[in-house]
């Protein structure tokens with residue numbers, strides 16, 4: 001099973017890109033949540049515009065689905081400049097990054113998603129471009145190879161990554177502004193769901209929006225996906241208005257519970273509790289018990305359960321916490 005196969009996946013899905021762009025906020029005033037990031041960026045942007053300078057290079061990191069691409073687009077919009085978007089794996093050759101950089105206009109934004117996946121060769125080209133707005137590339141091969149130096153217009157590089165630890169120190173040190181995006185509160189997600197519902201023309205009661213937010217794992221991308229599925233359900237099974245009852249019925253049908261767990265999350269936790277007395281249990285035993293690959297458990301299922309305090313990863317194996325027992329209605333005696 002892939003992460004992108006799950007309804008509550010925080011990974012981007014190509015078929016949703018167009019709709020996500022339609023509901024994406026364009027200004028910091030519309031950017032709900034991440035209050036510290038918003039207030040800091042507002043000051044940095046206003047200062048850069050006053051000086052008519054490009055904004056310092058920005059690194060945005062955090063879990064997937066929290067709005068790194070959205071924030072990059074907002075920064076460009078607030079600066080009143082164009083944005084060029086690409087991703088680390090796409091830039092394979094020196095000519096690729098050279099073509100992108102030489103087509104930028106003054107103070108434009110270059111947004112590189114998954115920047116931790118840039119090759120060392122591309123990073124080496126970026127260093128002088130970021131520091132001195134100069135491009136130094138080799139043309140040709142062997143004895144005929146020659147170095148060409150080009151002046152670049154001042155620009156802002158915005159890098160986004162879910163794995164900041166994989167960035168090399170020389171690249172990380174060249175970002176003047178570093179922002180971490182955190183998981184969203186239920187209140188912030190409720191506002192996001194209500195705003196998206198309004199833009200999509202979906203009548204939604206405040207309690208209905210909150211019910212969706214509660215099950216969205218702190219992630220706007222998941223909240224917007226669940227909103228679209230609840231909308232479908234309410235149009236077929238109800239009168240098209242998303243109430244709290246309609247949201248609960250739809251999400252129960254979709255097997256997303258009040259903690260945002262899906263069937264596989266619950267299957268894993270129940271296996272640890274019922275088959276292995278709460279653990280500790282090795283990953284191979286869990287994989288055999290639930291019929292899932294070891295890599296999928298480690299990379300897809302476990303992270304959120306651990307982050308929410310339902311599962312512990314120890315040297316002896318996985319252990320279900322008291323929260324996991326309470327979630328399934330097991331008593332303290334049964335837990336022992």
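Backbone N, Cα and C define each Cβ position, glycine as well.
According to Swiss-Prot, the protein carries these features:
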type	residues	note
BINDING	23, 24, 65, 68, 69, 70, 131, 132, 133, 174, 184, 221	ATP binding site
BINDING	69	Mg(2+) binding site
BINDING	313, 318	DNA binding site
REGION	4-184	region 'Large ATPase domain (RuvB-L)'
REGION	185-255	region 'Small ATPAse domain (RuvB-S)'
REGION	258-336	region 'Head domain (RuvB-H)'
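Counting every protein chain shown, the number of other Cβ atoms lying within 10 Å of the Cβ of residue 131 (ATP binding site) is 10. Cα spacing between residue 131 (ATP binding site) and residue 313 (DNA binding site): 42 Å, rounded to the nearest whole number. Whole-number maximum of the Cα to Cα distances across the ATP-binding residues 23, 24, 65, 68, 69, 70, 131, 132, 133, 174, 184, 221: 37 angstrom. Taken residue by residue with DSSP, residue 69 (ATP binding site) is part of a helix.
In the three-state DSSP scheme, residue 313 (DNA binding site) falls into the strand class. Annotated pair residue 69 (ATP binding site) and residue 313 (DNA binding site), C-alpha to C-alpha distance, rounded: 31 Å.
There are 25 other CB atoms within 10 A of the CB of residue 318 (DNA binding site), with all protein chains counted.
Taking the binding-site residues 133, 184 in turn and counting surrounding C-beta atoms within 10 angstroms, the largest count is reached at 184. Broken down by DSSP into helix, strand and coil, the region 'Small ATPAse domain (RuvB-S)' (185-255) contains 52 helix, 2 strand, 17 coil.
For the region 'Head domain (RuvB-H)' (258-336), DSSP puts the residue distribution at 45 helix, 9 strand, 25 coil.
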